[in-house]
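A.B. asks: The active site annotation in Swiss-Prot covers D285, and the record cites similarity to another entry as its basis. Swiss-Prot lists N65, N73, N257, N328, N360, N395, N421, N726 with the feature N-linked glycosylation site. Summarising the annotation, Swiss-Prot assigns region 'Disordered' to 21-40, 731-752. As annotated by Swiss-Prot, signal peptide applies to 1-20, with the evidence given as sequence analysis.
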Amino acid sequence: MAHRWLILALVAAAAPRALASPGPSLNERQSDDEPFSPPYYPAPNGGWVSTWAEAYEKAHSIVSNLTLAEKVNLTTGTGIFMGPCAGQTGSVPRLGIPNLCLHDSPLGVRNTDHNTAFPPGITVGATFDKSLMYERGVGLGEEARGKGVNVLLGPSVGPLGRKPRGGRNWEGFGFDPVLQGIGGAETIKGMQSTGLIACIKHFVGNEQEMHRMSSVVTQGYSSNIDDRTLHELYIWPFAEGVRAEVGSVMIAYNDVNKSSCSQNSKLINGVLKDELGFQGFVVTDWLAHYGGVSSALAGLDMDMPGDGAVPLFGNSYWGPELSRSILNGTVPVERLNDMVTRILATWYKMGQDQDYPLPNFSSNTEDEKGLLYPGAVISPIGVVNQYVNVQGNHNITARAIARDAITLLKNEGDLLPLRRNDSLKVFGTDAGPDPQGLNSCADKGCNRGVLTMGWGSGTSKLPYLITPQEAIANITPTAEFFITDSFPSSVDANDEDIAIVFINSDSGENYITVDGNPGDRKTSGLHAWHNGDELVKAAAERFSQVVVVIHTVGPIILEEWIDLDSVKAVLIAHLPGQEAGYSLTDVLFGDYSPSGHLPYTIPYQESNYPSSVGLLQQPFGQIQDYYTEGLYIDYRHFLKEDITPRYAFGHGLSYTTFEFSEPALSVVTPLDSAYPPSRPAKGPTPTYPNTIPPASEAAWPAKFNRIWRYIYPYLNNPQADAAVANSSKTYPYPDGYSTDPQPPPRAGGAEGGNPALWDVAFSVQVTVTNTGQHSGRAVAQLYVELPDSLGLDTPSRQLRQFEKTKVLETGQSETLTLEVTRKDVSVWDVEVQDWKTVVGGEGVKIHIGESVLDIRTECEVGGRCVTL
């Protein structure tokens, strides 16, 4: 999401052409060189999943009594800066339905006070700890609920990390669909356990910040993705989120296969709502609404923040235009009823009808009193900030995540952990505070002091910050600090001194440019910012023992100094949030052994990546971003091309050592067929009269006090609009548009897809023993290798599961059980449009280790298990 209100949105994207097949695959082509997203109409109704039945029944009762204006009011935002939240819908006061508050961010409540700034997703992913993923979700839910937020805009599982320089990779959990999927699902479960509605984003193909948005000058880029790649990589984590019963899905700005995501009927109607069985509501990213009728027919349910192509004028593609489209018969009444039913069913399912708080903060001002509608020329004034403290004890969870994510890349001579009486000299501005003050940059749009998070809408204010400088000083008062990015000439270096050098690499969202980087790491590349490499080299020249601490949004090139003799230890502390200092000293001084693992690959050089994942730029015309690398991103590419990385995906050392032994595999649900059993039939969905409502339902109420710019559902002359329905005028519907229901997709049947896909095919056990001299935790990472008999080019190893041990003392063991589902050992069959596996699992190999290249045990289905 972005609040850059000067961005202009393109009015509409080209309509797709019709195909004869009732179930075409994504990116079928009209010609050899033109991507194509086939039509999929009509929008499937929600309510057929049994676990949502009660919520849909309640919603049906309400929707049956709503007027046209009230229905439209719940689908349309009130306008940018027209309320306390990033966006809010209209309300239905007579039935007790409030404006629904939608607000950022995935790591904490944005632009407010007395909140927790949790570590971002990339840090959470590095823990490889499902319990911490869930606990953070609970914390996010409790805080957002406490502030009166109905929908928190997170978690983010798109971008997936296809482009290493991508600006918002740090908001997600790692560069792998399973790591993203598990991280997203656990976060959703935690968030929604509190009654908050989670909003998984960005669906889909938002892998680059530059040129993602459409304007009156140019159209946002098109991510051109083949059907198999889209299913096996980019949709995978969204399927896990839908299976976790996520309440809402945010649509991305960009096109996919030359059709805008917000009106891409194949993606929303066909994949998300029909194949994945999504029961909640679909919302735009902010100002990502490019057409009114087209998006409604394509399955969009809510428009945020409500404005049309030119914001701040009170115009909308929906609002009164949606009322008009219903009255003149362009948009079927059934479609509007389903939109509103989905929104209210989600509200009921989370229990938000029961004493749920109203917003008690304003994202527009820090003052207690302020404008209620800051975007209006004349606005009433009232209390907008009540300064409700929602932090609770969430600092404990935040510190645990930041600590358990710390990834030890190198530790020669066991220099770490440090002793409290070591002679330490600390270098780098990344160790210290922002000299201009805490939260001095809006949305973290600067890189000063320790890097706690990237920049953009996916941030929150820091309630406090203990920097590494402060934390180290509290433990070793004799440490000397040089908070500068130029190595001081006056530093004395003794043999017993240990230099700790702090460096970082930042990125963020495209509406802010920092040091020449417009969101994506365009200028900096994958290198340290602020002279970081030179600072390390200078310290390595003067000191015989150097520890490097890196705060980074993603992969970073280390080659200028990583092999220098004096660089003994390297830690990646990722993005630690508010607990940057003590989470680091917990590990540096040995109170905890590092247990984080890389959620991405660190290459020797950027040229190790395929050329297709570089940033794309052009001043005019639509950028066509072809995903020609297919399934081969990050570690999958390195394995395929036999490129040894500097540090592999999943790599992470400890202060101790672990042995993996006694692997065992058992068959749980036999894979008796190549394809899953037949999907369950759809249950009934709510039904309503489909007659066009009276025009009077969209008329302005008498003596209504309008607020200029506020988006209302009312029409000045609704009778004239209603008369059009009986005229000879017809709307130019997209090619392929139909109101005839589609046959149920064979890969569907429940939330996430055919429930048989999650049948446990194999259970794998492995015993992990601490064989070192320090307590610690190990991560067992399970990778699947599929046989050539499937007849498809498939990555040689794919992460499919992971488990983390408890803290193991020296000599202590724990047996871990990792489950492998049917889907885990399947590929997407483009022709059949279903998931295909090897009958009996014959030839499937299961690898377990501490990274993708550090495999400790191997099992072959139908064969034996061995320890390597």
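Placed from the backbone N, Cα and C atoms, the Cβ positions cover glycine too.
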A.B. asks: If you count Cβ atoms within 10 Å of each one, which of the glycosylation sites N65, N257, N328, N421 comes out on top?
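C.D. replies: Per the Cβ count within 10 Å, the most buried is N257.
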A.B. asks: With Cβ-Cβ distance below 8 Å and at least 6 positions apart along the chain, what are the contacts of N360 (N-linked glycosylation site)? List them in sequence order.
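C.D. replies: Listed in sequence order, they are K147, G148, N385, Q386, V388.
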A.B. asks: Go through N73, N395, the listed glycosylation sites, and name the one with the sparsest Cβ surroundings, counting other Cβ atoms within 10 Å.
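C.D. replies: Among the glycosylation sites N73, N395, the sparsest Cβ neighbourhood within 10 Å belongs to N395.
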A.B. asks: Here's one to test understanding: among the glycosylation sites N257, N328, N395, whose C-alpha is closest in space to the C-alpha of N73 (N-linked glycosylation site)?
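C.D. replies: Nearest in space to N73 (N-linked glycosylation site), counting only the glycosylation sites, is N328.
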A.B. asks: Translate the DSSP assignment of D285 (active site) into the three-state scheme.
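C.D. replies: The three-state answer is coil.
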A.B. asks: For the region 'Disordered' (731-752), DSSP counts of helix, strand and coil?
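C.D. replies: Helix, strand and coil residues of the region 'Disordered' (731-752) number 0 helix, 0 strand, 22 coil.
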A.B. asks: Could you tell me the C-alpha distance between N395 (N-linked glycosylation site) and D285 (active site) in angstrom, no decimals?
C.D. replies: 30
A.B. asks: Under DSSP, is N395 (N-linked glycosylation site) helix, strand or coil?
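C.D. replies: Reduced to three states, the DSSP call for N395 (N-linked glycosylation site) is helix.
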A.B. asks: List the Cα distance (Å, whole number) between N65 (N-linked glycosylation site) and N328 (N-linked glycosylation site).
C.D. replies: 21
A.B. asks: Determine, using Cα-Cα distances only, which of these recorded positions is closest to N421 (N-linked glycosylation site): N257, D285, N328.
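C.D. replies: That would be D285, nearest by Cα distance.
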A.B. asks: Can you tell me how far the Cα of N328 (N-linked glycosylation site) sits from the Cα of D285 (active site), in Å?
C.D. replies: 28
A.B. asks: Whole-number Å only: compute the distance from the Cα of N257 (N-linked glycosylation site) to the Cα of the residue listed as 'active site'.
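C.D. replies: If we compare the Cα positions of N257 (N-linked glycosylation site) and the residue listed as 'active site', the gap is 18 Å.
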